Amino acid sequence: MMDMKENDQKRNDMMDMKSHDERKNLNSSQGKNEITFPKVLDPKKDNNGYKSYTLKAQKGKTEFYKGNFSNTLGYNGNLLGPTLKLKKGDKVKIKLVNNLDENTTFHWHGLEIDGKVDGGPSQVIKPGKEKTIKFEVKQEAATLWYHPHPSPNTAKQVYNGLSGLLYIEDDKKNNYPSNYGKNDLPIIIQDKTFVSKKLNYTKTKDEDGTQGDTVLVNGKVDPKLTTKEGKIRLRLLNGSNARDLNLKLSNNQSFEYIASEGGHLEKTKKLKEINLAPSARKEIVIDLSKMKEDKVNLVDNDETVILPIINKEKSTNKDTTPKVDKKIKLEGMDDNVTINGKKFDPNRIDFTQKVNRKETWEIENVKDKMSGMKHPFHIHGTQFKVLSVDGKKPSEDMRGKKDVISLEPGQKAKIEVVFKNTGTYMFHCHILEHEDNGMMGQIKVTK
């Protein structure tokens, strides 16, 4: 029978296990930095029909944050590595060069090849040394990757940047997007922690799996993706050391799941969420043309933004309004309120307009140092049409003829204004106290 000390120890051990299973908080991407895509490494063809490549593991410097350079590792560059594109039946020769200060290997994750060239811990390449491997590609289309596998330094070397993608390309015609870097997009997701805005694996290492608080996509912090494409194919790689990812779209839109680690599914599936374990790959196709919005977020666990996706085609095509004829700036709070920097003067005419002339007015609720407040803007003697709000088509409840539009601080609207009668008319904020405090102007409509 266990004594109390043994029970306490067992309880403590269980608590330790529980704490190690908990996910470290991951901060959302702020969408500040446009992601780029790894270059495709072009092969040389030798006389024996081999596609010939050279990969160098090397040290580098990477500016994750402006003015702050981190010591990183990369293949043929400062961080990450180029994409290799192969096809079933290809004969491949790769010269592997170790320009690091420590042992490394080159492991071909998911590639079905002879164990002698798999790149496991027993196939070490020492600092300053190189070796050449050969193999034939015998498997179907898939998204694979390569990374170091030296014992006991795999985690450190991957965390510091040694990762790259290897495609076995589609060998049959399908309708999947296939233009690399345009609509066929490699997406390497990783999480890291920065100490004083610099990468430092030693200070953040966790023996039960190092998880970071900062998301990176293709080596960019605060990543975003801007595209004009209607459909995009994301080749997702969870390149994190330890973090599981549960990915979905923030608008709850479904996507087409087309491939797993081993290649294309026999039958694609419509899903709204997928799980990516560390090292896993999955391919999905997102139809951005079905979105009402011009932006959607790829999120983890319903909340953490991994990658904001901006549909440039939607956002650039929405504001097709004509040139602006008049500008109205609503400013202030309390009794310090103005239109175009002026308080109402009954002896002043602020604007003129011809009767039956169609004009475009731009109404802006200026956001000041105090943040401002919502202002409902009203025009006497006419009903106007809302053309756009912040450059986008107005919401359904703003359709139809209107004589008042309410704008939040910082919002800007364009409206179409036609007067059918002549005379002098007021325009003003319809918070009545603001109107009384001078947030009002006059327009004279003439023949």
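Keep in mind that glycine also has a Cβ here, set from the backbone N, Cα and C atoms.
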Exercise. Since Swiss-Prot lists Cys429, His434, Met439 for Cu cation 4, which candidate among His264, His375 does it give for that site as well?
Worked result: His375
Problem set entry | The annotated region 'Disordered' range in Swiss-Prot, which must be one of 1-43, 302-344 | 1-43
Exercise. Hey, how far is His434 (Cu cation 4 binding site) from His149 (Cu cation 3 binding site), Cα to Cα, in Å?
Worked result: 69
Exercise. Expressed to the nearest Å, what is the distance separating His147 (Cu cation 2 binding site) and Met439 (Cu cation 4 binding site) at their Cα atoms?
Worked result: 65
Problem set entry | Neighbour tally for Cys429 (Cu cation 4 binding site), based on other Cβ positions within 10 Å of its Cβ | 25
For this session: Would you identify the secondary structure of His434 (Cu cation 4 binding site) according to DSSP, in three states?
Result: helix
Exercise. What is the number of other Cβ atoms found within 10 Å of the Cβ of Met439 (Cu cation 4 binding site)?
Worked result: 26
Problem set entry | Nearest of the binding-site residues (His107, His149, His430) to Met439 (Cu cation 4 binding site), judged by Cα-Cα distance | His430
Seminar exercise, completed: Rounding to whole Å, the Cα atoms of Cys429 (Cu cation 4 binding site) and His109 (Cu cation 2 binding site) are apart by 64
